[in-house]
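Quick notes on the structure that follows.
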Amino acid sequence: MGIRESHTFSAWKWLGFVSAVWVQTISGNNYTFSNYSDAIKTLMNLTQLQLNNLSVAKDVGKAFGLLAGLASDRLPTPVILLIGAIEGLIGYGAQWLVVSQKIHPLPYWQMCIFMCLGGNSTTWMNTAVLVTCIRNFRRNRGPVSGILKGYVGLSTAIFTDLCSALFSDDPARFLVMLAVIPFAVCLVAILFLREIPQSTSVAAEKEEARYFAIFNIVAVVVAVYLLTYDLIGSTNQVFSLVFAVILLILLASPLAVPIYAFVKSWRLVGFEADMERQQPLLKEETTSPPAETKEIITEVAAAASADDATVLVEKTKPVIGEEHTIMEAMRTWDFWVLFTSFLCGVGTGMAVINNMAQIGLALGHADVSIFISLTSIWGFFGRIISGSVSEYFLKKAGTPRPLWNAASQILMAVGLLLMALALPGCLYIGSIVVGMCYGVRLAVTVPVASELFGLKYYGLLYNILILNLPIGSFLFSGLLAGYLYDAQATPTPGGGNTCVGAHCYGLVFIIMAMASLIGFGLDVLLAIRTKNIYTKIFNSRKPKKSLAASNGQ
């Protein structure tokens, strides 16, 4: 491959990553239920338990993400994106028809189906994006996960603030945005997002690090911009329009990276002939060590099979850190420790996110949009910081990533206890802490799963872990929060109920804090069990860099 072709591939890879960022920017619509849940509850005369079960139906849609995981190994990325776009258009479109009263409220079971479709749409989008980008940037899995998951966290704030600025928090128009915008963005991403052959050179790795730093800076600017708008609020229509225009410009600004990469590739056309004349000697030098290594491995394997057949049988069973099939992964203790700790983290977070509207009203806040936006923005900071920080400490000291999950679980427990005490301002602090810790869990668990069990079947493995979202939603939101809230609530005329006071969710928060502490213990256990794996990852990167440096001299 010529130098120009190599850089052109790199430019297309970054263009695909920008389109992936845009998809993640609109795929957090599953976390926006609190923005229109009150309208559904009023129109359909639902109790809190019935409303929470609707939110569970939304999250159950993620359980069918197993289909997306299976499809990711068989279908091209554009097809997976298209399926998610169509599902979202149908699911959220039907909810808009109900909330806008274009049609009479649908039967409860039909609303559950459309909620499920809307929830499932994001699994196709997320699977297409994460699997493709992690395979394209294997050496920077932490930053990739942090950036992409970070924009999912910002998605709720972006939708909420745009609706507040342009449509005065109208729930019907909000649902139009959830139906139409993701559909349009996915159609654009279909053109650019696909797997690209990756470069293994040290120079390419350093270039990736520089570009990821740019993406991180842009994402932080977007988050601070949204937070500033939340604190200032909309003053008039002109101010709101200016806010929306600047936000769209900021979201489009990452295009500068692939544009620069394309310009760089064309500048190298004049140098390609000279480089290709030197290429045979360079190839001979750089490719000889891997060839020798392969010969040594072959000889050792042959000797092992000749000396002892049982050793060969033992080698067929992968160890942690190697490629696993789904069944092989599920037969390990490490998988179930990761699965259960993930449940404790995301289940409690989902319960707070899904019930934020009712939690705010119970604690005396008539407008809860600020808390929904705070949870989203600080969820972004949790995702993007944990992705980059965990990668930094892994490369510098071999620190096991699960330790960052453990830290987030402790902080989550503190935030939940603060909300249980219902002190003044507790919901501001609680929404920030819960959002940040929930973001850490999602961003760190993605690369952990790939490092422990490999990338070959990663699409399906990721969606099995994501089953924790509907399971956690059902256990903590549908059952725990729903039953305990209804036990304290007062019936309202015409159906439904309401509850005001700290007692409405106090016991719910305490039980979820205990679950977070269990998750902390499991994450510490996983960090201890996988310490050797992360030490090997740390050590394996040093020889590669030294070898590349010596070849370059």
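Yeah, the Cβs are placed from backbone N, Cα and C, and that goes for glycine too.
For 1-28, the entry in TrEMBL reads signal peptide.
Residues belonging to the domain 'Nodulin-like' (13-259) score a mean pLDDT of 86 in the model. Summarising the annotation, TrEMBL assigns domain 'Nodulin-like' to 13-259.
Annotation comment: TrEMBL describes 79-96 (among others) as transmembrane segment.
The annotation transmembrane segment is assigned in TrEMBL to 108-134 (among others).
Marked as transmembrane segment by TrEMBL: 146-168 (among others). Cβ atoms under 8 Å from those of the transmembrane segment (146-168) belong to residues 20-21, 24-29, 31-32, 35, 126, 129-130, 133, 174, 177-178, 212, 215-216, 219, 222-223, 226, 229-230, 234, 240-241, 243-244, 247, 251, 369, 372-373, 375-377, 379-388, 391, 435, 439, 442-443, 446 of the same chain, restricted to positions at least 6 beyond its ends.
The transmembrane segment annotation in TrEMBL covers 174-193 (among others).
Summarising the annotation, TrEMBL assigns transmembrane segment to 213-232 (among others). Within its own chain, the transmembrane segment (213-232) has Cβ neighbours under 8 Å at 17, 21, 143, 146-147, 150-151, 154, 157-158, 161, 165, 243, 246-247, 250-251, 253-254, 256-257, 370, 373-374, 377, 380-381, 384, 388, counting only residues six or more beyond its boundaries.
For the transmembrane segment (238-263), same-chain residues at least 6 beyond its ends with a Cβ under 8 Å from one of its own Cβ atoms are 7-8, 10-12, 14-15, 17-18, 21-22, 25, 158, 161-162, 165-166, 211, 214-215, 218, 221-222, 225-226, 229. The feature transmembrane segment is assigned by TrEMBL to 238-263 (among others).
The domain 'NFD4 C-terminal' annotation in TrEMBL covers 322-534.
If you look up TrEMBL, you'll see 335-353 (among others) marked as transmembrane segment.
If you look up TrEMBL, you'll see 359-381 (among others) marked as transmembrane segment. Outside the transmembrane segment (359-381) by six or more residues, the chain places 28, 31-32, 34-35, 150-151, 153-157, 160-161, 164, 169, 219-220, 223, 226-227, 230, 352-353, 419, 422, 426-428, 431-436, 438-439, 498-502, 504-505 with a CB less than 8 A from a CB of the stretch.
A Cβ distance under 8 Å defines the sequence-distant neighbours of the transmembrane segment (402-421), meaning residues of its chain 6+ beyond its ends; these are 338, 341, 344-345, 348-349, 352, 359, 382, 386, 389-390, 427, 429-430, 432-434, 436-438, 440-441, 444-445, 448, 502, 505-507, 509-510, 512-514, 516-517, 519-520, 523-524, 526-527, 530. Feature annotation from TrEMBL assigns transmembrane segment to 402-421 (among others).
TrEMBL lists 427-448 (among others) with the feature transmembrane segment.
Residues or ranges marked as transmembrane segment in TrEMBL: 460-485 (among others). The list of residues near the transmembrane segment (460-485) in space but at least 6 beyond its ends in sequence, with Cβ under 8 angstroms from a Cβ of it, reads 48-49, 51-53, 55-56, 58-63, 65-66, 68-70, 72-73, 119, 123, 126-127, 130-131, 326, 329-330, 338-339, 342-343, 346-351, 354-355, 358, 445-446, 449, 453, 499, 504-505, 507-508, 511-512, 515.
Summarising the annotation, TrEMBL assigns transmembrane segment to 505-528 (among others). Under 8 Å from some Cβ of the transmembrane segment (505-528) lie the Cβ atoms of residues 334, 337-338, 340-341, 343-345, 347-348, 351-352, 355, 359, 362, 400, 402-403, 405-406, 409-410, 412-414, 416-417, 419-420, 422, 476, 480-481, 484-485, all in the same chain and six or more residues away from its ends.
The transmembrane segment (174-193) and the transmembrane segment (427-448) are not in contact, since fewer than 3 Cβ pairs between them lie under 8 Å (pairs 6 or more apart in sequence). When the stretches 79-96, 108-134, 335-353 are ranked by Cβ pairs under 8 Å to the transmembrane segment (427-448), first place goes to 335-353. Remote same-chain partners of the transmembrane segment (335-353), defined as residues 6 or more beyond its termini with a Cβ less than 8 Å from a stretch Cβ, comprise 31, 33-34, 59, 329, 359, 375, 402, 405, 408-409, 412, 416, 419, 430-431, 434-435, 437-438, 441-442, 445, 448-449, 452-453, 464-465, 468-469, 471-473, 475-477, 480-481, 508, 512, 515-516, 518-519, 522-523, 525-526, 529. Listed by sequence, the residues of this chain that lie at least six past the ends of the transmembrane segment (108-134) yet keep a Cβ under 8 A from its Cβ atoms are 16-17, 20, 23-24, 27-30, 40, 44, 50, 53-55, 57-62, 64-65, 68-69, 71-72, 77, 80-81, 83-88, 90-92, 94-95, 98, 141, 144-145, 148, 152, 178, 182, 186, 193-195, 446-447, 450, 455, 458-459, 462-463, 466, 470.
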